[in-house]
Amino acid sequence: MSQEKYIMAIDQGTTSSRAIIFNQKGEKVSSSQKEFPQIFPHAGWVEHNANQIWNSVQSVIAGAFIESSIKPSQIEAIGITNQRETTVVWDKKTGVPIYNAIVWQSRQTAPIAEQLKQDGHTKMIHEKTGLVIDAYFSATKIRWILDHVPGAQERAEKGELLFGTIDTWLVWKLTDGAVHVTDYSNAARTMLYNIKDLTWDDEILELLNIPKDMLPEVKSNSEIYGKTAAFHFYGGEVPISGMAGDQQAALFGQLAFEPGMVKNTYGTGSFIIMNTGDEMQLSSNNLLTTIGYGINGKVHYALEGSIFIAGSAIQWLRDGLKMIETSPESEQFALASTSDDEVYVVPAFTGLGAPYWDSNARGSVFGLTRGTSKEDFVKATLQSIAYQVRDVIDTMQVDSGIDIQQLRVDGGAAMNNMLMQFQADILGIDIARAKNLETTALGAAFLAGLAVGYWEDMDALKELNATGQLFKASMNESRKEKLYKGWKRAVKATQVFTQEEDADDDAK
């Protein structure tokens, strides 16, 4: 009797690593999770030790096997999904990183990004990479490491150093240095990759003086990249055959295969991605153009809007203001509110993301009266998440010319029914919550499984992650627009407040 086969997804996130084993029905059979330390050398800097990331991945692979009694030989293929943009540079011979991994949120390279803007490169970089110039992306992080580690530039030019985002680093480690690759979705977040020509861009590399020899080969999101070295996978030589950045993996896990399909992951922040098909559409409204996924010789482009504060606004109510004891409690408080929704919280704690990209804005509250209760405040904070999502969805409709009919949702805060209902109401469209909320890991598993024939084709996947619950809009049009206009006024006032503060500082 042949043993049952499975797919393993490695989900390497910002604060923890997970390994999840899925069966042929797309069900989670086993999982293991391990946190690793965050390093904050200075205010605004965020780094990771790349070896600690690797150790945590080794640990969770073992944990998933131990929990399930599944053997490495029963794993048909491995899919990898990862925190995007985070940058590792290591020695090609020894495999030792020459500096900590610089994490996507880290602002230490902001002066390099600022200089690129001042030198007038915004348009060129946007047209080639689909991105805005920002410290968020890998390009400035590589430049910073080459500038700050003695001798690094010279070693890079001699071909002694390799660069990779976390997907590349993990494949390199799992294959014991045999394979140096990345995938379309991760390459598209480096600010070095021409997403139209599908090549590393020589003009941008020259501008930043980054040697091309450092860069990994770019492959599709679903193909066999290499096999695990037996001693790194507990005796198994298993194909690594699926790879995607976390938000693109969630798009795939949500089965958003058609142009116009949109998913939103309500995590710490909120990441909204729309499949725009084989057309690369540059945003005129500060959304990012990126690659959703490339499979079977075809690339699917996407528009992306990032909201910095979503689930973390609920954590703020819990940890900062002590208004609630647990995050799920926010739903009961919001339902107990008797206000007429006249309170607005603008959670711009670290600035405003898409479509505003206002890094100076700070949080504010409007519409308070003597009658405002804790319940009203909690409700307004939850509603702020939904309002921000509408800001992005409205912008996507303008940029793409596509009428969005449904939003597919996942992530922790998607479990809040009150928030999902209000999201449906304020957008005026259906919200489809996935039955399996592990969409990021599932997306990586699907990509890996397709490459080795574990699942026959993309149609076979459509049965595997059906909608768990559908929330339909029930608010009347005039109320919906009145509430949203109030939100737009609150955002405007927030921005004016900071601008005036900046003007006061300049006058001193």
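Any Cβ shown, glycine's included, is placed from N, Cα and C.
Features reported for this protein in Swiss-Prot:
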BINDING   T14, R84, E85, Y136, D246  sn-glycerol 3-phosphate binding site
BINDING   T14, T15, S16, T268, G311, Q315, G412  ATP binding site
BINDING   T14, R18, T268, G311, G412, N416  ADP binding site
BINDING   R84, E85, Y136, D246, Q247  glycerol binding site
MOD_RES   H232  phosphohistidine
Q: Give the sequence-ordered set of same-chain residues, not counting R84, E85, Y136, D246, Q247, with Cβ within 8 Å of the centre of the Cβ atoms defining the glycerol site.
A: Q83, T86, W104, R189, G245, F271
Q: State the count of C-beta atoms found within 10 angstroms of the C-beta of R84 (sn-glycerol 3-phosphate binding site), not counting that atom itself.
A: 26
Q: Going by Cα-Cα distance, pick out whichever of the recorded positions T14, E85, Y136, H232 is nearest to G311 (ATP binding site).
A: T14
Q.
Just to be sure I understand the packing, how many Cβ atoms besides its own are within 10 Å of the Cβ of N416 (ADP binding site)?
A. 21
Q: Measuring CA to CA, name the entry from the recorded positions R18, R84, H232 that ends up nearest T268 (ATP binding site).
A: R84
Q | Span of the sn-glycerol 3-phosphate site, taken as the largest CA to CA distance across T14, R84, E85, Y136, D246 (Å, rounded to a whole number) | A | 15
Q: Can you figure out which of S16, H232, Q247, Q315, N416 (the recorded positions) comes closest in space to R84 (sn-glycerol 3-phosphate binding site), comparing Cα atoms?
A: Q247
Q) Which residue, out of the binding-site residues T14, T15, Q247, T268, shows the minimum number of other Cβ atoms inside 10 Å of its Cβ in this structure? A) T15
Q | Packing count at G412 (ATP binding site) (other Cβ atoms within 10 Å of its Cβ) | A | 16
Q: Translate the DSSP assignment of S16 (ATP binding site) into the three-state scheme.
A: strand
Q: Measuring Cα to Cα, tell me the gap between T15 (ATP binding site) and D246 (sn-glycerol 3-phosphate binding site) in whole angstrom.
A: 13
(Q) I'd like to confirm something. Which of the binding-site residues, E85, Y136, D246, Q247, G412, has a Cα closest to the Cα of R18 (ADP binding site)? (A) D246
**Q.** For Q315 (ATP binding site): intrachain residues, at least 6 apart, with Cβ closer than 8 Å
**A.** T268, S327
(Q) Counting across all protein chains present, how many other Cβ atoms fall within 10 Å of the Cβ of Y136 (sn-glycerol 3-phosphate binding site)? (A) 22
Q: Whole-number Å only: compute the distance from the Cα of Q247 (glycerol binding site) to the Cα of E85 (sn-glycerol 3-phosphate binding site).
A: 12
